[in-house]
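**Student:** What follows is a single structure, and I will ask about it in a moment.
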Amino acid sequence: MKRKICKALICAALATSLWAGASTKVYAWDGKIDGTGTHAMIVTQGVSILENDLSKNEPESVRKNLEILKENMHELQLGSTYPDYDKNAYDLYQDHFWDPDTDNNFSKDNSWYLAYSIPDTGESQIRKFSALARYEWQRGNYKQATFYLGEAMHYFGDIDTPYHPANVTAVDSAGHVKFETFAEERKEQYKINTAGCKTNEAFYTDILKNKDFNAWSKEYARGFAKTGKSIYYSHASMSHSWDDWDYAAKVTLANSQKGTAGYIYRFLHDVSEGNDPSVGKNVKELVAYISTSGEKDAGTDDYMYFGIKTKDGKTQEWEMDNPGNDFMTGSKDTYTFKLKDENLKIDDIQNMWIRKRKYTAFSDAYKPENIKIIANGKVVVDKDINEWISGNSTYNIK
């Protein structure tokens, strides 16, 4: 929030130094706002690979949903590049990084970073946007669902690069931007058209084995990220040759395309079969995705909280306070809440609420537009609010 002025200024100074050291934005793979570039190539090829690899015994429902996805291909491409242009994004793209060995982005692992650490990572963003995509798909909102799926695949592509899973930023190395440019200029020669097998063979069948979506997604991403990180140290740093970089781009871009095909395959099976990733599972964390109204002065600098009450009468409440400015007019903010009781099921939670508390005597009102709560990879609450919340107030969302 804005009241965190000191560390916000530190973060701004870091952002300034980062931009000063790079001639372009700090992307992992390149992507243009119009849905072109390396990220768009990856998702386009991912769909093409899956189509080429479909075995004859794939269910008709999966084939039908693949056709719907293809009809919305431009939305997939737009979603795949959007996170690099999102006005709500962190200035240093902290949530586009994820070290598969530490489970952190560079805001926790890199010694030069002195501002508030960012809890979101490239890996957690994959799961969040995948959950939103499944939710909208199951409601028949295919265009929005495909855009969300594209966003998920953007982050998947990011953590497959050599630099992002190694938590090497443009502050750490000029190679970050140079390698991205190198790959973008040669991306056509790195396209692949198959994962090397049909969907009734091991690579694809293994993808469907673990019904726990969150656990599967994290470990699936980890495998590809580990390859990317390893390639950074063996072939993609500034000390390596152009031939090394060519090898690094070839391997990691092929992995991005193959991995994307596999992830989309899992998505299509989940929506085709109506799989519920939350059934019978304990809830260890809740993810809130809050949209603030675009109406003038809808944002707030007051303290904001999220709380729950379980059927046994116990309550838990968290402050919602991301580094930098959140709850701004038109913003979309994400918060992750760890539950004290890890034995809870989602049905054990009786009530949920958001609460506003004055920061000063002269409080400003706040107008949230919508809040979605995600548990175990499923949207469990979708609440349209569109009401002004004034003073010290509580708004029940469940």
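Glycine is treated like the rest: Cβ placed from N, Cα and C.
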**Student:** According to Swiss-Prot, region 'Linker' applies to one of these ranges: 59-67, 104-112, 266-274, 275-283. Which one is it?
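**Tutor:** Of the candidate stretches, Swiss-Prot labels 275-283 as region 'Linker'.
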**Student:** Taking D84, D172 as the options, which does Swiss-Prot list with H96, H154, D158 at the Zn(2+) 3 site?
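**Tutor:** Candidate in the recorded Zn(2+) 3 site: D84.
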**Student:** Given a 10 Å Cβ-Cβ cut-off, pick out the one of the binding-site residues D158, E180, D301, D321, D326 that has the most other Cβ atoms nearby.
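**Tutor:** Most Cβ neighbours within 10 Å: D158.
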**Student:** Quiz question: given the binding-site residues H39, H154, which has the greatest number of C-beta atoms lying within 10 angstroms of its own C-beta?
**Tutor:** H39
**Student:** In Å, rounded, how far does the Cα of D84 (Zn(2+) 3 binding site) sit from the Cα of H176 (Zn(2+) 2 binding site)?
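**Tutor:** With the alpha carbons as reference points, the distance is 15 Å.
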**Student:** What is the nearest of the binding-site residues H96, H154, E180, T300, N325 to W29 (Zn(2+) 1 binding site), using the Cα of each?
**Tutor:** E180
**Student:** Give me the mean pLDDT over the region 'Linker' (275-283), rounded to a whole number.
**Tutor:** 86
